[in-house]
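What TrEMBL says about this protein:
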{"type": "DOMAIN", "residues": "5-283", "note": "domain 'Deacetylase sirtuin-type'"}
{"type": "BINDING", "residues": "32-52, 108-111, 225-227, 251-253, 269", "note": "NAD(+) binding site"}
{"type": "ACT_SITE", "residues": "126", "note": "active site, proton acceptor"}
{"type": "BINDING", "residues": "134, 137, 185, 188", "note": "Zn(2+) binding site"}
Ligand SMILES: [Zn+2]
């Protein structure tokens, strides 16, 4: 499967090596769950994380009991994401964009923390947690609006689950969720789904094209906090390498993109991105 273009030697390097590769370049950045862990959002694929079977699009659409359980958990969980704050890594990337070092971000996270930190050019590759889409008519509503409807349909549910959240008990949660009433689309009665790309689903084509364009308009690609386990992110790494753009991967643990990288740095993103924001020079305005 490898081509001549992929023959970039992988180097486990230091911060100085990263700076040497990136200095003077205008950077596209691809971020993953590792960037948000310091904001309290768990990275289920990190080296120390428990194994987890991700939900698939097929499960969501075909299994009513599963869907009920999913929405019940989501109804509690989305409020947690809603309360999270950007961390030093998000802020460093926003600062780098304002200085003209970073030209834009492609993020696999759905938490909107890059936007909250002040990044302007963000492609939410896998969607965003604060929106819900109808699978039949395509209408998009806010998650907050749906929360109001779910509260009306399930009086007392949030308070009851809050007790369970304090002392997690899987059986108790399932007992609670088996009675959960799911909301249908108020426009057409169709099935609602969070506006998030699940396993078994494709990223919308237009979004993929914008992400490729972002990589093509940059001189180099910096990957931060992603193990690149899914193809939806890995393809941009491969594309950058194949088009002669140096790739740097900053992540805790090995990634599927390491073989495309000029330098890899096994480190946390909050501290590394902060260091880069202080170190990387603003590129010359040559084009
Ligand atoms: Zn609809």
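The backbone N, Cα and C atoms fix where each Cβ goes, and this holds for glycine too.
By a simple count of nearby Cβ atoms, those within 10 Å, the most crowded of the binding-site residues 32, 40 is 32. Apart from 134, 137, 185, 188, the Zn(2+) site neighbourhood in this chain, defined by C-beta within 8 angstroms of the site C-beta centre, holds 135, 136, 138, 139, 184, 186, 187, 189, 190, 192. The binding-site residues near ligand 1, defined by a Cβ under 6 Å from one of its atoms, are 185, chosen from 32, 36, 111, 185, 251. Here the C-alpha separation of residue 188 (Zn(2+) binding site) and residue 32 (NAD(+) binding site) works out to 35 Å. For the residue listed as 'active site, proton acceptor', the nearest of the binding-site residues by C-alpha distance turns out to be 32; the candidates were 32, 134, 137. Taking the C-alpha positions, the distance from residue 36 (NAD(+) binding site) to residue 134 (Zn(2+) binding site) comes to 28 Å. In this structure, the binding-site residues under consideration are 134, 137, 185, and the one with the smallest number of other Cβ atoms within 10 Å of its Cβ is 137.
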